[in-house]
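Working notes for the structure below.
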């Protein structure tokens with residue numbers, strides 16, 4: 001991706017005794033049950049002392065969700081064009097009613113929090129999630145642990161975290177997770193490459209599409225003609241913004257004038273989440289934001305909103321990312337809860353996100369919870385699209401569980417079964433897989449039914465027998481689902497025209513295509529596409545051009561982010577093959593065909 005991989009810059013691991021003072025201590029009476037813990041402390045971190053007892057920490061508590069499996073099956077059903085309930089998206093009220101936990105569960109957790117000094121009136125309840133703010137002193141007593149300041153020895157950033165936390169046994173059956181506690185992370189843009197010299201072009205007429213990509217190149221390659229989405233509030237295109245990436249209106253306006261003059265005057269709205277800003281005169285890096293708005297909106301022409309979310313996440317560091325910030329807020333949860341709290345009429349129809357992180361760098365309870373929230377967006381008719389990543393088979397190529405096993409690294413959220421993951425290609429005539437396109441198989445999520453036949457075919461007939469055994473999970477969710485161009489996109493940023501590469505070009509590109517397909521459906525009185533994958537792997541598959549040349553790479557012996565030494569795997573790669581493959585998915589879009597297929601159901 002020029003995607004922001006919430007990438008985990010690496011960190012070798014040291015044993016727990018190296019930081020025993022950070023380990024949880026049973027310091028209050030009563031029985032507790034450990035909810036989450038880290039196996040080891042990452043190298044590159046030092047304990048710098050204890051936070052002030054009065055320091056404020058904001059927590060999100062996820063209640064156990066006994067109806068998750070039934071709900072997710074319902075989302076699959078309403079997204080399956082062969083099912084009688086296809087297209088019957090749920091309202092906000094229907095989702096909340098379906099997932100509302102039993103009153104005794106919520107009451108028990110409320111009472112537990114109140115008994116530990118957290119006033120009930122300060123606890124915000126949102127279906128099966130609770131949000132509360134408390135002091136370090138109270139949090140330590142509540143969670144039977146000790147919080148410490150940790151400093152990263154690479155960039156000197158600090159964070160307040162613990163290695164383990166517990167909850168009272170009386171409420172343990174009701175609490176799924178509480179964060180931020182053990183999730184150390186810092187999202188960062190994963191720039192596959194940004195060409196620092198200015199592009200000597202002023203319009204699409206100056207471009208060789210084998211060298212530089214513009215909207216006209218994409219329209220020609222994917223047979224889009226001059227079709228744009230109508231500006232319809234039912235078909236809003238949402239673009240995720242994190243990490244103080246500001247989408248500049250002047251740059252966007254110039255890009256449209258240069259490359260899509262038929263959309264002259266088109267702009268986008270901005271919505272702030274958790275205090276997020278969209279400063280127009282900042283000197284901070286904004287290539288990711290510029291790329292996203294230029295191509296998602298420049299291709300679709302849809303009514304669009306840039307969602308700027310403040311805060312940075314926390315991670316279980318691995319060889320990609322020992323990079324942490326002192327901000328306690330996790331952007332995915334902040335954004336997801338904001339969006340799910342919107343009335344149905346204000347939800348985006350398509351949400352494009354060009355960010356990701358190594359799946360292993362995120363606690364399992366967290367990936368499960370976040371993926372389920374993506375399913376809730378799908379239930380309400382939102383197509384959630386993520387770039388697959390820019391590390392090929394992997395960059396760290398080592399487990400971070402203390403065992404240091406050499407393996408490929410799947411990407412989250414790209415490997416969540418309820419998002420559509422977009423890989424990367426380059427060149428035209430023929431279009432081929434690009435080497436950095438991330439793909440593979442989840443170690444957290446099992447393979448969903450909609451891709452069972454395709455992935456099994458790849459494993460049994462296209463992948464050399466025994467190749468890469470032990471390096472990946474052959475029963476995991478395969479990604480990406482589809483792919484699109486990802487190399488040297490002409491982009492306006494800070495008043496310059498530059499070239500940018502990454503699957504974070506592929507994601508907004510594909511989001512623009514989906515937005516136009518939604519517009520076609522709405523014009524024919526059909527519902528929005530919503531969660532795409534069951535449709536893509538059934539009806540939609542014939543609307544994609546199979547990419548059979550090229551492949552990914554990775555595991556080169558040097559981490560591409562931290563530049564630390566990593567395991568070297570000679571020839572590490574997934575090849576583009578006939579049918580689905582873990583580099584390009586089902587292939588690249590043929591809009592001419594898709595525009596007809598989209599009206600069949």
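Using the three backbone atoms N, Cα and C, a Cβ is placed for every residue, glycine included.
Per Swiss-Prot, the features are as follows:
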- 288: active site, charge relay system (ACT_SITE)
- 292: active site, charge relay system (ACT_SITE)
- 504: active site, charge relay system (ACT_SITE)
- 546, 547, 579, 581: Ca(2+) binding site (BINDING)
- 212-601: domain 'Peptidase S53' (DOMAIN)
- 210: N-linked glycosylation site (CARBOHYD)
- 281: N-linked glycosylation site (CARBOHYD)
- 323: N-linked glycosylation site (CARBOHYD)
- 575: N-linked glycosylation site (CARBOHYD)
- 1-22: signal peptide (SIGNAL)
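Taking the features listed in Swiss-Prot, we show where each one sits on the structure.
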residue: 210; record: N-linked glycosylation site; Cβ contacts under 8 Å, 6 or more apart: 427, 428, 429
residue: 281; record: N-linked glycosylation site; Cβ contacts under 8 Å, 6 or more apart: none
residue: 292; record: active site, charge relay system; Cβ contacts under 8 Å, 6 or more apart: 239, 240, 241, 247, 306, 352, 354, 504, 507, 508
residue: 546; record: Ca(2+) binding site; Cβ contacts under 8 Å, 6 or more apart: 578, 579, 586, 587
residue: 547; record: Ca(2+) binding site; Cβ contacts under 8 Å, 6 or more apart: 425, 431, 432, 433, 483, 576, 581, 583, 584, 587, 588
residue: 575; record: N-linked glycosylation site; Cβ contacts under 8 Å, 6 or more apart: 433, 462, 550, 551, 581, 583
Mean pLDDT over the domain 'Peptidase S53' (212-601): what is the value?
92
Around residue 581 (Ca(2+) binding site), how many other CB atoms lie within 10 A of its CB?
30
Quick check: which same-chain residues outside 546, 547, 579, 581 lie with their CB within 8 A of the centre of the Ca(2+) site CB atoms?
548, 576, 577, 578, 580, 584, 585, 586, 587
Tell me, by DSSP, whether residue 547 (Ca(2+) binding site) is helix, strand or coil?
coil
Which number gives the other C-beta atoms within 10 angstroms of the C-beta of residue 579 (Ca(2+) binding site), all protein chains shown included?
17
For residue 292 (active site, charge relay system), the three-state class that DSSP assigns:
helix
Return one of helix, strand or coil for residue 281 (N-linked glycosylation site), based on DSSP.
coil
